Amino acid sequence: MTDLSVSSSSLAKTLLPPFSFSLRPNVPKRLRFCRKSASFLRKPSSISRQNKLAVVTAIQVSTQSENDGFVLEDVPHLTNFLPDLPSYPNPLRKSQAYSIVKKNFVSPEDVVAQNVAIQKGSPRGVHFRRAGPREKIYFEPEEVRACIVTCGGLCPGINTVIREIVCGLNIMYGVHDILGIEGGYKGFYSKNTLMLTPKLVNDIHKRGGTFLRTSRGGHDTHKIVDNIEDRGINQVYIIGGDGTQKGASLIYEEVIRRGLQVAVAGIPKTIDNDIAVIDKSFGFETAVEEAQRAIDAAHVEVESVENGVGIVKLMGRYSGFIAMYATQASRDVDCCLIPESPFYLEGRGGLFEFIEERLKENGHLVIVVAEGAGQEYVTAEGHDAGKTDASGNKLLLDVGPWLSDKIKNHFTMFRKMAVNMKYIDPTYMIRAIPSNASDNIYCTLLAHGAVHGAMAGFTGFTVGPVNGRHAYIPIARVTERQKTVRLSDRMWARLLLSTNQPGFVASDKEKVDKEVTN
Ligand SMILES: Nc1ncnc2c1ncn2[C@@H]1O[C@H](COP(=O)(O)OP(=O)(O)OP(=O)(O)O)[C@@H](O)[C@H]1O
Ligand SMILES: O=P(O)(O)OC[C@H]1O[C@](O)(CO)[C@@H](O)[C@@H]1O
Ligand SMILES: [Mg+2]
């Protein structure tokens with residue numbers, strides 16, 4: 001399925017899992033209990049050693065780039081590993097809804113550029129396959145047994161994605177067998193599944209949270225893939241953040257290792273908007289909008305009193321996007337503190353000096369602080385650090401109360417000036433709500449993109465918008481690093497212009513210089 005003639009050299013890394021194709025010698029007993037004829041499984045013995053080598057070679061050959069610098073970072077296709085897989089015409093060609101669309105199907109040549117702003121004469125750069133329905137599909141709809149799982153923290157819109165995967169599979173492709181895995185990755189091996197129908201999920205998008213529930217930790221690749229085999233699942237839709245996508249990648253690799261016809265599709269989810277490559281993650285806009293309510297409340301409170309200092313703590317472990325966008329949208333914020341931009345409290349150009357100036361000028365101020373900001377100070381003061389959650393993520397120390405206390409103490413003790421502190425922590429409120437209209441539409445596109453990709457036989461991919469166009473991105477590309485606010489980007493400059501807060505220059509300059517040279 002390498003229908004584009006050029007490809008990236010980094011593609012080899014993406015397509016070739018770091019293992020040899022050691023397939024299991026026999027179809028395990030438990031597969032006999034699978035609901036259908038197990039056509040989803042090409043018996044391991046049917047892939048000869050020669051074929052395995054052919055697959056490896058074919059993928060390696062496709063990793064050349066051309067003179068114009070065009071690079072395709074492709075996603076794996078089931079036929080890379082199962083060359084004899086039959087294809088079927090896409091049932092959408094008969095759908096009334098689709099037949100009026102001028103160009104029903106995405107052509108194999110359609111790609112999405114990672115960088116749209118390039119210089120004349122410069123290499124064309126990295127591209128990804130465009131998402132959407134293909135003319136041929138590699139699953140017979142009545143043979144599909146799909147499953148959906150949601151992992152990690154909550155985010156507005158998860159239920160819309162679940163709903164639209166179920167409805168997309170059912171209405172567009174006539175798939176009826178869709179299972180919900182409950183409670184995250186561990187639900188694969190510790191819980192019964194839930195049969196999902198369009199009727200059951202019809203109005204779940206109106207609710208926050210995840211209909212399937214979620215968890216952290218509990219990723220056991222072997223147990224999960226055993227379960228996928230046991231249940232005869234052949235399409236796996238995995239909704240989650242960077243940790244979840246790393247887990248999805250391991251599942252994909254294990255599936256290939258076992259020679260199964262199972263498509264693994266990742267749908268990126270994170271309130272922090274920290275997933276690389278994609279434009280933004282779903283639910284982010286809703287969260288920024290909801291954060292406005294907390295900022296407005298803080299502003300109203302501090303405006304009404306003498307020396308009012310409002311602090312609003314927002315989510316953002318390592319990426320300050322929510323804080324940055326919420327600040328920009330509000331215009332009532334005087335200072336925004338994010339993990340990417342270290343700040344300091346005392347001395348010239350420090351936060352205390354700035355607060356004092358603003359209080360003298362306006363009588364009040366509002367600070368937005370991302371949860372990951374200032375961690376080095378809170379830790380340095382001997383607070384309990386180093387704990388992790390069940391997924392291994394570092395548990396952050398609470399910067400909000402720490403900052404409130406610091407400010408209060410400084411002004412009462414050293415400046416003999418009473419400040420009226422109003423601290424608001426809407427952390428969970430901004431992610432537990434249902435998605436807004438625009439996120440709902442975005443979630444629908446993501447879900448449908450994932451469904452089209454899996455039906456078309458792509459696997460080991462994450463779907464998401466790149467410069468406004470939905471694309472299939474190799475999972476490894478979205479997990480190799482976390483997206484963070486670049487202090488050298490104009491968005492941060494706009495924020496500094498609007499708040500007129502200190503740049504905390506000494507500490508920031510080093511970071512910006514590093515970003516620019518990278
Ligand atoms: N490196 C990894 N390899 C395999 N599985 C992982 C890895 N990291 C995390 N996971 C699994 O993915 C699931 C979710 O991970 P995590 O709690 O880090 O949330 P996330 O997906 O990053 O979402 P968010 O950070 O937005 O809440 C957990 O079940 C965890 O066990
Ligand atoms: O308390 P929980 O559910 O583990 O989630 C908290 C974390 O989840 C996130 O929202 C990411 O999903 C982080 O911003 C936050 O630190
Ligand atoms: Mg994460």
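From the backbone N, Cα and C atoms, a Cβ is placed for every residue, glycine too.
Around the Cβ of Asp272 (active site, proton acceptor), the number of neighbouring Cβ atoms within 10 Å comes to 28. Summarising the annotation, TrEMBL assigns active site, proton acceptor to Asp272.
Around Gly243 (ATP binding site), the same-chain residues at least 6 positions away in sequence with a Cβ under 8 Å from its Cβ are Cys151, Gly152, Arg216, Ser391, Gly392, Asn393. Residues or ranges marked as ATP binding site in TrEMBL: Gly153, Arg216, Gly217, Gly241, Asp242, Gly243, Thr244.
TrEMBL lists Asp242 with the feature Mg(2+) binding site. A C-beta separation below 8 Å, combined with a sequence spacing of at least six in one chain, links Asp242 (ATP binding site) to Thr270, Asp274, Ile275, Val478, Thr479, Gln482.
Annotation source TrEMBL lists substrate binding site at Thr270, Ile271, Asp272, Met315, Gly316, Arg317, Glu371, Tyr428, Met429, Ile430, Arg431. The Cβ of Arg431 (substrate binding site) has 24 neighbouring Cβ atoms from other residues within 10 Å, across all protein chains displayed.
Taken together, the residues of the domain 'Phosphofructokinase' (146-452) have an average pLDDT of 96. According to TrEMBL, the feature domain 'Phosphofructokinase' maps to 146-452.
Positions annotated as site 'Important for substrate specificity' by TrEMBL: Gly243.
For the binding site of ATP, formed by Gly153, Arg216, Gly217, Gly241, Asp242, Gly243, Thr244 according to the record, the largest Cα to Cα distance is 13 Å, rounded to a whole number. Counting only residues at least six positions away in the same chain, the Cβ atoms of Asp272, Ile322, Ala323, Ile338, Pro339, Ala370, Glu371, Gly372, Ala373 sit under 8 Å from the Cβ of Gly316 (substrate binding site). Those same-chain residues not listed among Gly153, Arg216, Gly217, Gly241, Asp242, Gly243, Thr244 yet with C-beta within 8 angstroms of the centroid of the ATP site C-beta atoms are Cys151, Gly152, Gly240, Gly247, Ser391, Asn393. By the criterion of other Cβ atoms within 10 Å of the residue's own Cβ, the least surrounded of the binding-site residues Gly153, Gly241 is Gly153. Cα of Arg431 (substrate binding site) to Cα of Gly153 (ATP binding site): a distance of 9 Å. Filtering Asp242, Gly243, Gly316 by Cβ distance to ligand 3 (under 6 A) retains the following binding-site residues: Asp242, Gly243. For the substrate site listed in the record, the two most distant Cα atoms among Thr270, Ile271, Asp272, Met315, Gly316, Arg317, Glu371, Tyr428, Met429, Ile430, Arg431 lie 16 Å apart.
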